[in-house]
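Since the structure comes first, as structure tokens, the remarks are kept for the end.
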Amino acid sequence: MSTTNTTLVPPAGSPRADDVSAQNVTLPRVIRSEWIKLRSLRSMIVTLALTAAAVIATGVLVSMLSNGAPIAADGEGIYDPAGNSLFGATLAQVVLGVMGALVVTSEYSTGLIRTTLTAVPRRLPVLWAKVVVVAAAAFATMVASLSVAFFVGQAVYSGGGPSASLSDPGVLRAVLAAALFPTAIAVMGVAFGALMRHTATAIGILVAILFVLPTLFETLGGVWGDAVEYLPSEAGQAMIAVVRESGDMSPSVALLVLIGWIGVLLAAGTIALKRRDA
């Protein structure tokens, strides 16, 4: 009599099969998958390239226009050659924020999110991977473009007035902060995408927070006017500025404000992704 050894394979869709599948899915693998997705989208690569070009052009243009500008006798004028060269970060925040939202919402609009979540049953690694990939792409783009904008901008300033150097107090910090600020907005875009799932809604809310709320709060005045500096766009500007006015938020506090916004939004996006059906 012979004995045949039989290996039992759990049927697909069973709890045990799902557990085995989930164990094979690691965060590094999900990050690699998300990176391949981003890199394979020509529109995303073009967006990053155009963003870099716009950051450089804006920084150089602002440097040229402000070169040799006199400081007002009443002390209201602020001569900040480093901050002027980094002005392109203000433009980049919008583009990268939209890109972050699209990385999530585009999968919902095409239905690809179902395939993604089937491959990653635990779901949350998908969101973390998107955050890592978007943040890495945004930060690398900003560091490269802002470095060019800074050095070219300071070359412009050196011909007509005082210029800044990376060795000057606060300048290197400002360059890194100018790269971190749009990166933070890009991560906020990812969070809004996960929370809202709809492209127009996610982008609309993001733009409103960045541009509409600051104007509205300043118009209302009082407590609202005091709260405007805690909005992401204002905190970002406080991070970048080398020369600050009296009473301005410090860069370290501004960084904490941005981290707070990101933490709250990612927590909300995490809950939405975990509880809602794809």
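Heads up, residue numbers simply count up from 1 along the chain you see.
Each Cβ is built from the backbone N, Cα and C atoms, and glycine gets one as well.
Annotation source TrEMBL lists region 'Disordered' at 1-20. Per TrEMBL, the feature transmembrane segment maps to 45-66, 86-106, 127-151, 171-195, 202-224, 253-273.
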Determine which recorded stretch among 127-151, 171-195, 202-224, 253-273 has the most C-beta pairs below 8 angstroms with the transmembrane segment (86-106).
171-195
What else in the chain is close to the transmembrane segment (171-195), if you only count residues 6 or more beyond its ends and a Cβ gap under 8 Å?
82-83, 86, 89, 92-94, 96-105, 127, 130-131, 134-135, 138-139, 142-143, 146-147, 150, 164-165, 202-203, 205-206, 210, 232, 236, 239-242, 251, 255, 258-259, 261-262, 265-266, 268-270, 272-273
Look over the recorded stretches 45-66, 127-151, 202-224 and say which has the most C-beta pairs under 8 A to the transmembrane segment (253-273).
127-151
Report yes or no: does the transmembrane segment (127-151) come within contact of the transmembrane segment (45-66), defined as 3 or more CB pairs under 8 Å with a sequence separation of 6 or more?
yes
Close approaches to the transmembrane segment (45-66) from elsewhere in its chain (Cβ under 8 angstroms; 6 or more beyond its ends):
39, 81, 84-92, 95-96, 99, 137-138, 141-142, 144-146, 148-150, 152-154, 156-157
